[in-house]
């Protein structure tokens, strides 16, 4: 079984794959100070809850935007996953993902963005834009040739709601209602909810329009002009209904991308 770990700034999403099937998944807060031993205590408990033995894990891959946690996870894999016959993989710009990275400084590209783009390329085999709605909202553009062209980064929904509450005297921190009653909010909470959902939905639509236009001008799409748009991330399922541009929603896209990258690199080791 493969243990795939995606470490974000706010949350860490972990999945266990049996062949191509995702059979276990957990989401915990990313505690940037966790050591390998503390990770073992935390995740062994989850293993036990789901009747999973640590000996069942025979492979490991991690993508992380938190360097200290990436190191802790690699130490965890080396120390506690003794049944892994291959070395743990930490995704970076140097990892063979099947993509060609065309950004001016690939080393600064977040591992999660690389993984998402690789998953989209494997899924569609042609031009795509991945929208990851997490702590930040990222857009990643993949050409018809499997090139990662770059993208855009925006403050996320949670950051925006936190700032609104912290920087104003009377506006509360709200929990989003997935279906606001109307665009015109009849009270403060409804107004914030509507502004957030419709506002970020509109942001996604406008960015897809601009990114798609530039991709077509650069000859990055097929002759039919088709660009597949897929959303992922913790808030994707809430925001996607308020966007007309999002065609697919896959909350597990990043975990799937990690599996695909692991399989690609494992095949090379076997050669």
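Every residue gets a Cβ built from N, Cα and C, even glycine.
Between the candidates 135, 138, 152, TrEMBL assigns the ATP site shared with 6, 7, 8, 9, 10, 11, 12, 13 to 135. In this structure, the CA atom of residue 112 (substrate binding site) is 8 Å away from the CA atom of residue 8 (ATP binding site). Residue 188 (substrate binding site) sits 24 Å from residue 135 (ATP binding site), counting Cα to Cα. Residue 111 (substrate binding site) has its Cα within 10 Å of the Cα of these binding-site residues: 6, taken from 6, 10, 12, 132, 135.
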